[in-house]
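Before any comments, here is the structure.
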Amino acid sequence: MTPDDLLEEFRAAGALLEGHFILSSGLHSAVFLQKMAIFSDPVRTARVCAGLASVIRDRYGAVDLVVSPAIGGIVPGYETARALGARAIFVERDPGGPFQLRRGFSIPAGSRAVMVEDIVTTGLSSRECLAALRDQPGEVVGAACLIDRSGGRADLGAPLVALATLDIPNYPADQLPPDLAAIPAVKPGSRATTPG
């Protein structure tokens, strides 16, 4: 699957939105990628995650385990793991707390794991997920996502490979361009923020 194929999947699912959006990072953007429109379709999800699995194999080789941040990363993590023939686990947190492995999940010694995200904007969730894995006996070889909307600038503290890399401008609330400021903001994402 090429980056253009992935974007066509988003368009066909009605998941590539234009307007004024407050992202889960708190930044504002004229473009929102409504990934749940993709993940609500099992066939489409399998297709895009098989594409990501191919990119992971090319970059990192064989992996035994896919680790994703809850909640948004669970579906793409699971489906990517399935395409890789790997196990899928996830990190989760108490509200306001750090991510941690629970439910008996671990990265055993001798295993190779990759952290899989859906969409990376600032890389905050990815960095927090990777931090939760630092003390595990197995090796975390890197990270992967369907779309890196930072244009490759997000620093995760680990290698990142994306099925598509886009350079979509994002703005702090006090630095909006006039055309974006003229449109009422909506918050379609998942992380609680205060509009501003």
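Even glycines carry a Cβ here, placed using N, Cα and C.
Just so it is clear, the model here is predicted, and its values are computed rather than measured.
Listed in Swiss-Prot for this protein:
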type	residues	note
BINDING	Glu117, Asp118, Ile119, Val120, Thr121, Thr122, Gly123, Leu124, Ser125	5-phospho-alpha-D-ribose 1-diphosphate binding site
BINDING	Thr121, Arg149	orotate binding site
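Counting only same-chain residues six or more apart in sequence, the Cβ atoms lying under 8 angstroms from the Cβ of Arg149 (orotate binding site) belong to Val31, Leu33, Ile119, Val120, Thr121, Leu166, Asp167, Ile168, Asn170.
Residue density at Glu117 (5-phospho-alpha-D-ribose 1-diphosphate binding site): 26 other Cβ atoms are found within 10 A of its Cβ, drawing on all protein chains shown. For the 5-phospho-alpha-D-ribose 1-diphosphate site, the Cβ centre of Glu117, Asp118, Ile119, Val120, Thr121, Thr122, Gly123, Leu124, Ser125 serves as reference, and the other residues of the chain with Cβ at most 8 Å from it are Ser25, Ser126, Cys145, Ala154. Within 10 Å of the Cβ of Gly123 (5-phospho-alpha-D-ribose 1-diphosphate binding site) there are 23 other Cβ atoms, across all protein chains.
The Cβ neighbour count for Thr121 (5-phospho-alpha-D-ribose 1-diphosphate binding site), using a 10 Å radius over every protein chain in view, is 22.
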